[in-house]
Structure formats: structure tokens, C-alpha cells
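The active site, proton acceptor annotation in Swiss-Prot covers 180, 298. Swiss-Prot lists 128, 178, 182, 299, 331, 383 with the feature substrate binding site. According to Swiss-Prot, the Mg(2+) binding site annotation covers 206, 208, 209. Per Swiss-Prot, the feature N6-carboxylysine maps to 206; the stated evidence is sequence analysis. Summarising the annotation, Swiss-Prot assigns site 'Transition state stabilizer' to 338 and lists sequence analysis as the type of evidence.
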């Protein structure tokens, strides 16, 4: 791998700026002695160099191609403050138990980035390096943003504290469900599903990622029937209720139009998909802030680049970007459900969303300290293959500040949708009470649920139907680190 502290940068100006091709390390993109400044943006890449490519040179190439470099010396370098603008790879370490892979730490001067723009950050950090031929694969594992840069983002328009105040719901997770089937229902039937779920005890119902405005149900019809259901359920229960109205559309103008209509109908929350893009997400966040609306983000499409641990972008990075971009909710995994997610790694995603200051936590995949500079917190959402029988696991893993969404676990209940919602609400209330009484819910959870089911027929039916069903598959994305007394 070579001597990582070897002074290999060419400092002689005549040689450094002579026409021709130099190694990236020679051009100044590697500095093993560099100490990152408090104002630097830091990135950790997992790189897999091609056979014969030195790890340090590969790291320097990542730094170069994600900042100022091109493949050859250019004379215009002498017209800029190159020493400041060059990103610097400053540490390379072998990835434990993964031969041929290396962790590459890169520091970027803050002046390389436009303030308040996730789009600009991503254009630099992931814009070019992932298709670079000397690398077999590359993955962005983690990032650290200085407070000076964090402060250029307004962050979530509502945040956890204000959302709970608006809903008047404290001391427990929020409950939701995605309307199923997610495609094909008429507006009237869709609204009926929403009413049944909310009337049975859920706090939220939700559009799924791909329900927009299709021939079987125009978006305006859906909004009208859904909000009629929300209002009736609120009146019947005396609770503030909501339903995530998906305003995702083909243009920003259309998304604004749909969001405005949702507001006029009295909705407290709108939803967009990750696939609309970072600029559109920030634009919708600004609209929600100006209109006192909660913004829910469905992470549709993320698995195409977050799931494989040797190439792509870790979801913990996406979660950090989205907290800066300004969403109030984000789907962050369940650990026990049907979707990808190692429990420790998923807890790391939740910490990124909810911490005031995120500490290094290698078992959970957190490689950098991150001071969030009083930025509002994001409410993580657990959704996908969960049911009432897992309530003790979910509460133990994620605590109170989470939305637990039981789609099939509500709408698939043998006694109907309202009974499914009631089963989930009773399971949650029983588990929160047991926890507050000091009981060990992680181990006593199944018995707590059985005891509650004695006086709740819907919960008993849910437990009989799904029992302790879980999706026990090995996760493809786990943290790689060497256990030591400080991190084990």
C-alpha cells in the first residue's frame, strides 16, 4: 500500500505545472499529515481499487475528481488558490475483513460548496468519482458537516417537538398505516380505508410512493375523499388526525398546486418521494415552512444505491442530507420488518435524524461526530412488514420519537381495517405502560401482548394471525469495524 506519510506531492512549481499527466497524489490530493479544520466538510469513502492501483493513489484520485482535478495538468490551476481548493485525502485504512477494500477519508474546504444546497454538495461528492475506471467500486459511507455549513440550511419546517404540539400527542410513538392496495382503489373506497384506520386508533394514514394521479383515481378526488375521512375520524375520536397526501408530480408547479389544495382542505401534512430530487425536496420544504405544513418524505428508490455495501451511498448519508434539506419525516427502516436493515445500522440512521449531537458510534456505522447546530430533528418512520406482535421490539429499538406504520398489519386484519388499527393502538398503549412501569419489554414483550389480548379481541386476532412472524434474512449492509474496548 505504500508509506502513507511519505511526502510524494510535487511542490516544485516548474515540475508541478509542466504539461503532462501526473499522479493525483503528486498533484497534492494526498496529504497524510493533514489535520482537518473545524470548517472542513469530511467524507468517508469505501473504495475498491483495481488490481495494481495503489490505495493512496486511488484515495487521492477520489479527492481530486470530487474537487478540482482533471486527468492532466492544466495551466489554469495557476490562476486559482489551488492549495486551498484541492480536496485532501488524509487517511487510508484497510476495511476489516474485506480484502482489497479501503476506507478513504477526504477533507473539503468549505469554500468549495454553495451554502444551503444539497444539490451542490452531491454534485461534487458523488458527481463523478463513482464511474472512475481505476476503482472497481466506491461507496460514500459517512459525512461530517461543520456547524458553519449546517447553519446555512433552515432544516425541517416543523420538527419533532412542534409536530407533537400540533398533534397534542406525547410520550409514545405515533401510529400510521399505508393505504392498501396502494394502486387501483377509487377515491371513495380509498377514503373509506383512511376513515377506518383513523377511527380505529391510528394517528396517520398514508399514500404510498406511487399513488399520484392515475386513471382509476385523480389526485383531486383522492384529496377530497381522504380529507373528508380525516375530518370525520377526528370528530369521532376527539383526536387530531392526518393523512400523508402525496403531492409528487412531474413538475414543481404541479406539486405546488397539489400542496396548496391539500392545505385549503385542512391537511396538516403533505408527502413527497425521494425520486423528485434534492432541489425539489428543498423547494417543497420551503413551501411547507411558509405554510405551516409537516413534510413527509418517502425514500422511494433509495435501495438502488444504498443497499450494496461496496458501491453506492449509505442511507446514513442520505438521512443527513435530508435533515439538512428539511424534511420532517423520513422512512429509515424497521430492522424487524420485510425491508433491508441490520438493527444496529438502522439505529444509527435514527440517531442521525434525532440527535442534537451525533457521536462516533462504529457498531452503528457512525464514523464522525456531527454537531447539528440546533437544527430541528427529523421523525424517523418504521414501515414495511411490521405487525402488532413486534411492538415490544419496535419500542425497545427505537423509543418514542418514531412513526410506526402498519400497512398490511392494519388492513390485513381478519376482522377488518378498524379492528387492525385498534389492535395496533392497544398493543402500543400496553407496551408503553409496561415500559413506564419499569418492566423489561424486550424480554417480557410477548407476555405483555398476550395479557393485553385477553381484553382486546382485535389484538388477540392479530396475534393469532401473524404470531411472531418476522423476516429473518441476513443484512447486506452492516458496519465494518474492529471491536475494541472503546467500541465493542
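Glycine too: its Cβ is placed from the backbone N, Cα and C atoms.
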Tell me, in order along the sequence, which recorded positions from 128, 180, 182, 298, 331, 383 have their CA within 10 Å of residue 208 (Mg(2+) binding site).
180, 182, 298
For residue 128 (substrate binding site), the one of 180, 206, 209, 298 that lies nearest, given that the recorded positions are compared by Cα:
298
Cα-nearest neighbour of residue 180 (active site, proton acceptor) within the listed recorded positions, 206, 209, 298, 299, 383:
206
Hey, of 206, 209, 298, which of those recorded positions are within 10 Å of residue 331 (substrate binding site), Cα to Cα?
298
Starting from the Cβ centroid of 206, 208, 209, the recorded Mg(2+) site, name every other residue in that chain with its Cβ within 8 Å, sequence order please.
178, 179, 182, 207, 210, 211, 244, 246, 271, 298
Based on Cα distances to residue 298 (active site, proton acceptor), point out the closest of the binding-site residues 178, 182, 206, 209.
209
Indicate the candidate from 298, 299 with the smallest number of other Cβ atoms within 10 Å of its Cβ, considering only these recorded positions.
299
Which one of the recorded positions (180, 182, 206, 331) has its C-beta surrounded by the most other C-beta atoms within 10 angstroms?
206
Counting other Cβ atoms within 10 Å of each Cβ, which of the binding-site residues 128, 178, 383 scores lowest?
128
Distance from residue 209 (Mg(2+) binding site) back to residue 182 (substrate binding site), taken between C-alpha atoms, in Å:
8
